[in-house]
Amino acid sequence: MLNADDNGEGGTIALYSQLCRNAKFCLLPNHQASDEELSAYHKPGCSNRSIPPSPLKKFVEKHKRSKPALLLFVLLGACMAICVGALMPAISVLSSVEGLRIEAKITDNSMIPFISCVLLVGLFVLQHRGADKVAFMFPPIMILWLLSIFAVGIYNVIKWNPRVYKALSPYYIYKFFSVTGKDGWANLGGVFLCVTGTEAMFADLGYYRQAPIRVSFCCVVYPCLILQYMGQAAFLSKNLSAVPISFYASIPDILFWPVFVVAALAAIVASQGVISSTFSIVQQCHAFECFPRVKAVHSRRWIHGQTYIPEINWVLLIISLVMTVGFGDKNHIGYAYGIASLIVMFVTTWLMSLVINIVRHQSLLLAIGFVLFFGSIEVLFLSSYCTKIPKGGWVPLVLSALFMVVMYAWHYGSRKKYLFDMHNKVSMKWILTLGPSLGIVRVPGLGLIYTELATGIPASFTHFLTNLPAFYQVVVFVCIKTVPVPSVPHKERYLIGRVGPKSFRLYRCIVRNGYKDVYSHENDFENELVMSIAEYIQLEAEGCSGSQEGSVDGRMAVVRTSGKFGTRLLMSESASGSEEGSSTSLPGALTVTSSKSPALKKLQSMYEQESPELNNRRRIRFELINTIYKDPRVKEELMELVEAKRAGAAYVIGHSHVKAKWNSSFLKQFTINLYSFLRKNCRSPAVGLNIPHICLIKVGMNYHV
């Protein structure tokens, strides 16, 4: 599975992303032809377009119902992975603490769950602090843990039964089932718990590389595990009554407390990795419009690539505490954890078979053979777990069903809302009839209109003009979209274009992010946007927007690939509290003054002093380079852009109210109403985009889908 990475990323969403790029499986409606020109879009060796499409690819693309079915299958794997993130800390911490029953002689059945809950609360509460401060301790802890179980395993093999090495022979698999029969099949669930965690190695592939995982697993982890299980088998061959506590009972008394401490620390470290993986999965689902808006935090305090989501952190904590207190038994939690892990593996196996045929262009027989071989093993274990559903196995099934209803309702509602916007967008013919002034008063400033549309004029723009016939002198339609790649390079992220004639001063900026990218909307976005628009204006005047310096999508171009980027405008950090405060011009720059009146400047200064988030932002000042332009209109347009930035930027977003049509079916009304409820009670778009409230304008919009 490690070879099925998506530019270094692994997991269910990574497999789905590869399928979306190589076939028409994706349900995101804002795909553009220029997205396929991204450097990360086609993996080397997997983008041979001369190979004819496979029959499986033709079948899926032909049948429209297969795409939602595939998405539901992927969401099933993602939901089970979230359940693993909640169950794994509970069973790991509870199992590590159970050793106190032996040495500490704890007989109170409620004490062990209580201690486990205290450790779980501490584990999840400290998530927001990041892991980089203690990450240097993780490798030593895991190495000590592996060496501990290695030493204990060797000790037990030598002391209790040196002939246990014969159990490595596959013959004993046959002998086990011939003796136990149906009981042996029922106990396969416990056997499967020995391999849980291997799916996390593929899901966490983005944090590590393939070669270290292979070397560490084959040379260190696997031998230590085998020796530990051999040691327990040797111990149990002479002490069969100690089955419930075989691990801690097999530890020599002199090593008990050191091993106990290391076991508890190892459980916390392993839980940390699974929790981080859960955050990553939720972020990826959110990027594909399959999860309600949550705040993904990514800061220098965290390990590179690690994301923290507060809402998910507390949900996982609540589930872990409920499982620990409700069951209080590692066996029942183990049944739930095993079913969740097994279904994740099952979904991964099926997606891998599709990747083999559609992405890697291997034969259909090889893909079928892969899924039959590994899928049959997983089905055998899954059939054994069916008997454990009443004993705790129902928990991941119920939780994943709730998660899937929420996730699919959000995806369905988001898609219907986008299609409604597409149907009701304003025609360019109507914009052209308004003239350069758009039939309104153009006031100083930069207006950033956020829309999900990658093309056309959103209806929220005309709705705003209908109620208030005035707008800013420079207007930029900003669309933040997700491309089915892990990460988009910064130089390829901004796609700039023009809307209407040059005199209208209307631009479009499409910000393309990968499903692993965390959108950070700070003051730098405004500055980079202004620089990119200035670059586009100059390239357009030079006739270079269609050359190798820009990838053209209609009237749009990726201008940041130009080697001249940053030479159109001079950018410096203002020394005073505001951009207008400094009157000193940079050498070789034209002086551009703000067109705001003194009263408006004073009022803006007062509001900025009352807004802490604006006081902490960097003050960037732009100056136009004093050079000779072939076309004087270019100089005029650049000066107007700088003047608009000096006057200040305002962010306009839609405040949507979504309702189902009166004649819709009950199922559709339920889905849309659930989507509307989630929109009202989850994070607003302004919070997700980190837009300061002082610069925010909301436009009310009603959607009847």
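Note that Cβ sites are derived from N, Cα and C of the backbone, with glycine treated the same way.
TrEMBL lists 2-432 with the feature domain 'K+ potassium transporter integral membrane'.
The domain 'K+ potassium transporter C-terminal' annotation in TrEMBL covers 444-704.
Same-chain neighbours of the transmembrane segment (69-91): 11-13, 15-16, 19, 25, 27, 60, 116, 120, 123-124, 199-200, 203, 267, 270-271, 274-275, 277-278, 281-282, 284-285, 290, 312, 315-316, 319-321, 323-324, 330, 333-334, 336-337, 340-341, 343-344, 347-348, 350-351, 395-396, 399-400, 403-404, 407-408, 411, counting only residues six or more beyond its ends whose CB sits under 8 Å from a CB of the stretch. Per TrEMBL, transmembrane segment is recorded for 69-91 (among others).
Remote same-chain residues near the transmembrane segment (111-127) are listed as 89-90, 93-94, 97-98, 100-101, 264, 268, 271-272, 275, 308, 313-314, 316-317, 320-321, 324-325, 328 (criterion: CB distance under 8 Å, separation of at least six residues from the stretch ends). Residues or ranges marked as transmembrane segment in TrEMBL: 111-127 (among others).
Within the chain, the transmembrane segment (134-158) has long-range Cβ neighbours (under 8 A, six or more residues past its boundaries) at 164-165, 220-221, 223-225, 227-232, 234-235, 250-252, 255, 258-259, 262-263, 265-266, 269, 272, 303. Annotated transmembrane segment per TrEMBL: 134-158 (among others), in sequence order.
Sequence annotations record features per position, and here TrEMBL assigns transmembrane segment to 184-203 (among others). Away from its own ends, the transmembrane segment (184-203) comes close to residues 1-2, 4, 10-12, 81, 84, 176-177, 213, 217, 225, 229, 270, 273-274, 277, 280-281, 334-335, 337-338, 341-342, 344-345, 348, 380-381, 383-385, 387-388 of its chain (Cβ-Cβ under 8 Å, at least six residues beyond either end).
For 215-235 (among others), the entry in TrEMBL reads transmembrane segment.
Per TrEMBL, transmembrane segment is recorded for 255-275 (among others).
Positions annotated as transmembrane segment by TrEMBL: 308-328 (among others).
A Cβ distance under 8 Å defines the sequence-distant neighbours of the transmembrane segment (334-356), meaning residues of its chain 6+ beyond its ends; these are 1, 4, 12, 15-16, 18-19, 56, 73-74, 76-77, 80-81, 83-84, 87-88, 90-91, 189-190, 192-193, 196-199, 202, 323, 362, 366-368, 370-371, 374-375, 378-379, 381-382, 385, 388-389, 391-397, 400. Look at TrEMBL and you will find 334-356 (among others) tagged as transmembrane segment.
Tertiary proximity for the transmembrane segment (363-382) is limited to same-chain residues at least six positions away from its ends with a CB under 8 Å from its CB atoms, namely 54-56, 188-189, 191-192, 339, 342-343, 345-346, 349-350, 352-354, 356-357. Among the features that TrEMBL reports, transmembrane segment is placed at 363-382 (among others).
Here TrEMBL flags 394-410 (among others) as transmembrane segment.
The annotation transmembrane segment is assigned in TrEMBL to 430-450 (among others).
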_Long-range environment of the transmembrane segment (308-328) - Cβ separation under 8 angstroms, sequence gap at least 6_ = 82-83, 85-87, 89-90, 93-94, 109-110, 112-113, 116-117, 120-121, 124-125, 127-128, 130, 275, 278-279, 282-283, 294-298, 302, 336, 392, 395, 399
*Take the transmembrane segment (215-235) and find every residue of the same chain, 6 or more past its ends, with a Cβ under 8 Å from one of its Cβ atoms.*
146-147, 149-150, 152-157, 159-162, 164-165, 167-168, 194, 201, 242, 246-247, 249-250
*Report, as numbers and ranges, which residues of the same chain sit near the transmembrane segment (394-410): CB under 8 Å and 6 or more residues beyond its ends.*
71-72, 75-76, 78-80, 82-83, 86-87, 285, 289-292, 319, 323, 336-337, 339-340, 343, 671, 674-675, 678
_Tertiary contacts of the transmembrane segment (430-450), as residues 6+ beyond its ends and Cβ separation under 8 Å_ = 457-458, 460-461, 465, 469-480, 499-501, 503-506, 526, 529-530, 594-596, 643-645, 647-654, 685, 689
_Whole-number mean of pLDDT values that fall within the domain 'K+ potassium transporter C-terminal' (444-704)_ = 76
